[in-house]
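Novice: Below, the features straight out of TrEMBL:
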DOMAIN    46-444  domain 'Amino acid transporter transmembrane'
TRANSMEM  48-68  transmembrane segment
TRANSMEM  74-95  transmembrane segment
TRANSMEM  134-153  transmembrane segment
TRANSMEM  165-188  transmembrane segment
TRANSMEM  195-218  transmembrane segment
TRANSMEM  238-259  transmembrane segment
TRANSMEM  271-293  transmembrane segment
TRANSMEM  313-332  transmembrane segment
TRANSMEM  353-370  transmembrane segment
TRANSMEM  376-400  transmembrane segment
TRANSMEM  427-447  transmembrane segment
Amino acid sequence: MAADGAGKPLMLGVSNPFAENPSMMTLAQYQDSCIPVSMEFAKSKMHWIIAAIFLVADMVGGGVVAMPVAFKQSGMICGCVFMLVICVMFEYTGWELGEVWVIMQQRWPVYKQHCRKPFPEMAKKAMGTTAQRLTSLAILITLFGISVVYLLLSANIIHYFLADYLYINISVCGTIFLLTLIVAPFTLLKSPGDFWLVVVFAMVTTVLSVVLIIYGVFLDHGACLPEVKYQEFEPGSALLAMGTFLFAFSGHYVFPTIVNDMRHPKKFKLSIIWGFLSVLLLYMPLSIYAYWVYGDSMEKSVIYSVQTRELQFGANLMIAAHCILTLVIVINPVNQEIEEYFQVKHSFGIGRVLTRMVILVLVLFTGLSVPDFGPVMNLVGSSTIPLGCVVMPALFYLYIKAADEDQWSKGEIPSIKQVYDRTPKRVFWLNIFIMVVAMVGGAVGTYKAVIAMMNTEFSAPCYMRGAEMFFAGESSGTFQVHQNCCGWGRNISSKGTPDVCGV
């Protein structure tokens, strides 16, 4: 038996999940964003191990090079404590997102099908339509901005490599354009379950970059360690480092898209455990070893402290490759969100191609317009990343768990008092604590980003540079290879050539 769109229950025959409680779902609600799809979709869903690899590829990136420098600000002991505590915090909120999705599938079986915007759907079912709109906005702003930053970072690194090693006279603006063309076909893949091989390669590039950096630190060990100097512990400096630790484990905006594509969403907790453990094993040894050898001689990136030029380039290229591949991951929720808004068909067709190409062109245009997009993204990310990685998952979990059967069947949202009364006090106050920590870190990060923007001299848009739009000399890129020598005077080179210091 079918139904009309005037609010009557949708009846799906013998397998109708709403037959026992017709008030659970109307046709209009059912067609909102999650629809049944072919059996091929069910067969293509991810194993929890592949999902864990997705988590690693999603989270690890800039954190590889930034975490050792964060240790410089926080000190060894405080840095280890920060890393462990924040890793556990974010692992917990990632688990909460998975639990929210499992609860939604149990209460509303339609969510067992493919859903284009699972994170906003979580917000709607847990806290209402206002929360849904805010979540959608946060996703669009954050992941669009991250996509631009990944494109710019990759283009700058590859531009410098082409100019310095292959003597190819192409500008960084031209490199941005070419990379966009290369990435374009991969962005047409439907959802994470369709491009898991891309994610495997992304994780491999990250592991290789870590191996290259650690080997570089090992080669510098003998010359740098005897002359190392460590910064004295300062609470203010340690607090500033918290923002880096928070962002290094972020990635929750993509988590719901991953759990939605899993064969068994209940096993997402295994993906979370092994994913975060793998990230910790990539971060912790590198951070401790690099800080122990280089101390406070490190600056913005640990790669700049590696004094073997070939290893510097190799590690940077691996980071660039990772960013290119991860761009495919982070832009996918944006694509699906926009497709849902314009009601594009779920199957592959001209609608998907046009929608996603327009979004990618907007990413390209933004990158060409603001080549120094980093400071702007830091400002956006310092507010939206703690919101999406901690605050929203914790609130969604508390509210959806507190709703009784009568409330969730009628679409009612529990009050704050009901959430407090129905939630075990240990769970309630744990979530409040991690939300406060995240908001403090976000506030500090916002302050740092504002200061950085005030001190940044932005470059002219690429399309206003005339001939340099595609062809330029050696200095056309914003990325340059630096050589930070070690020791208390930053004048010790393991190569015995201190004249290269600061190059």
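Using the three backbone atoms N, Cα and C, a Cβ is placed for every residue, glycine included.
Annotations in TrEMBL come from automatic prediction, not curation.
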Novice: Find the member of 134-153, 165-188, 353-370, 427-447 that has more C-beta pairs under 8 Å to the transmembrane segment (238-259) than any other listed stretch.
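Specialist: Answer, by Cβ pair count: 427-447.
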Novice: Taking the transmembrane segment (74-95) as reference, which of 48-68, 134-153, 427-447 has the most Cβ pairs under 8 angstroms?
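Specialist: Answer is 427-447, with the largest number of Cβ pairs below 8 Å.
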Novice: Short question: most Cβ pairs under 8 Å with the transmembrane segment (353-370), which of 134-153, 165-188, 313-332?
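Specialist: Answer is 165-188, with the largest number of Cβ pairs below 8 Å.
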Novice: Cβ pairs under 8 Å with the transmembrane segment (134-153): which stretch of 48-68, 195-218, 313-332 has the most?
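Specialist: Most Cβ pairs under 8 Å with the transmembrane segment (134-153) come from 313-332.
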Novice: Against the transmembrane segment (165-188), which of these stretches has the most C-beta pairs under 8 Å: 48-68, 313-332, 427-447?
Specialist: 313-332
Novice: By Cβ distance under 8 Å, which residues at least 6 away from the ends of the transmembrane segment (427-447) in the same chain are close to it?
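Specialist: Here the qualifying positions are 86, 89, 92-93, 239-240, 242-243, 245-247, 378-379, 381-383, 385-387, 389-391, 394-395, 397-398, 419-420.
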Novice: Other than its close neighbours in sequence, what residues sit by the transmembrane segment (195-218), given a CB gap under 8 Å and a spacing of at least six beyond its ends?
Specialist: 46, 50, 53-54, 56-57, 60-61, 64-65, 186, 189, 282, 285-286, 289-290, 293-294, 302-303, 305-308, 311-312, 314-315, 318-319, 321-322, 325-326, 328-329
Novice: Short question: which residues 6 or more past the ends of the transmembrane segment (313-332) have a Cβ under 8 Å from it?
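Specialist: Counting only partners 6 or more residues beyond its ends, the transmembrane segment (313-332) has Cβ contacts under 8 Å with 54, 57-58, 60-62, 64-65, 143-144, 146-147, 150-151, 153-154, 157-158, 161, 165, 179, 182-183, 186-187, 189, 191-192, 195, 198-199, 201-202, 205-206, 208-209, 212-213, 216, 253-254, 257, 303, 306, 359-360, 363, 481.
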